[in-house]
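Visitor: This is the structure I want to talk about, given as structure tokens.
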């Protein structure tokens, strides 16, 4: 039988609502790391949050893909019906927006030479796989990647290991296997909401020692994922709208006294 204070605490935490993204450039400084705010709300305008490029002074780089808008170090190639990542992208580009196109895969040389690329947005494409080699010498050092509203059935295993934020919400991912997250030990935020995830293999989350936010809402999980107590920096967990029928006393916090970990800011368990 659980103590009443513990049940009350979990009930209060379970009412936490998802974060609301105000703008794509809403950086939050967290121990010196710029983090982009999340957008997990369904039905949101997929173009909201992208900078108003008309308000930015243009640069006169000769390298700008046909049909794209290039301002400063931002390249916006959205809504062009592109079937592949365009060529002739300036090597000093830091943000590349490719949302609302028909790109079906990421190939090994798509981003070759883009050593300063910080953020890549691939929302609402037809991406079902990535054929990048994990050790591809393309110099890509992404911090932020969003492949939402696509056709992924699993977590790609060949994305840059430099990622701090990976958002794969609104796909068709069904499971998280042990080796899926092996490369991504630097992740601070992982978004996997609105998928079809039924199973998370034990030990999968152990490869994410710096994780602070985990979004697993709107999936088909029947229990709280194993390994959450071991993530000492984890502060936010979204598990609402799943099929979770019970919560164990040790599902979120480590066993024993004197075990140091960050305090939770939010745990959402409603609609289970």
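Each Cβ is built from the backbone N, Cα and C atoms, and glycine gets one as well.
In case it's useful when we look at the structure, here is the feature table from Swiss-Prot:
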| type | residues | note |
| --- | --- | --- |
| SIGNAL | 1-16 | signal peptide |
| CARBOHYD | 42 | O-linked glycosylation site |
| CARBOHYD | 48 | O-linked glycosylation site |
| DOMAIN | 55-91 | domain 'LRRNT' |
| DISULFID | 64-70 | disulfide bond |
| DISULFID | 68-77 | disulfide bond |
| REPEAT | 92-113 | repeat 'LRR 1' |
| REPEAT | 116-137 | repeat 'LRR 2' |
| REPEAT | 138-161 | repeat 'LRR 3' |
| REPEAT | 162-183 | repeat 'LRR 4' |
| REPEAT | 186-209 | repeat 'LRR 5' |
| REPEAT | 210-232 | repeat 'LRR 6' |
| REPEAT | 233-254 | repeat 'LRR 7' |
| REPEAT | 255-272 | repeat 'LRR 8' |
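Any idea what these are sitting next to in the structure?
Guide: Cβ-based neighbour count (10 Å, all protein chains) for residue 64 (disulfide bond) stands at 20. DSSP classifies residue 64 (disulfide bond) as coil under the three-state reduction.
Around residue 77 (disulfide bond), the same-chain residues six or more apart in sequence whose CB sits under 8 Å from its CB are 65, 67, 68, 69, 86, 96, 97, 98, 101, listed in sequence order. In this structure, residue 77 (disulfide bond) belongs to neither helix nor strand by DSSP; it is coil.
For the repeat 'LRR 3' (138-161), the predicted model reports an average pLDDT of 91.
The helix, strand and coil residue counts that DSSP assigns across the repeat 'LRR 4' (162-183) are 0 helix, 5 strand, 17 coil.
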Visitor: Kindly report the helix/strand/coil residue split of the repeat 'LRR 8' (255-272) according to DSSP, in that order.
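Guide: Split into helix, strand and coil, the repeat 'LRR 8' (255-272) gives 0 helix, 3 strand, 15 coil.
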Visitor: Do any residues, 6 or more residues outside the repeat 'LRR 3' (138-161), come within under 8 Å Cβ-to-Cβ of it, and if so which ones?
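Guide: Cβ under 8 Å, 6 or more out: 34, 36, 46, 106, 108-109, 111-115, 117-132, 167-177, 179-186, 191-192.
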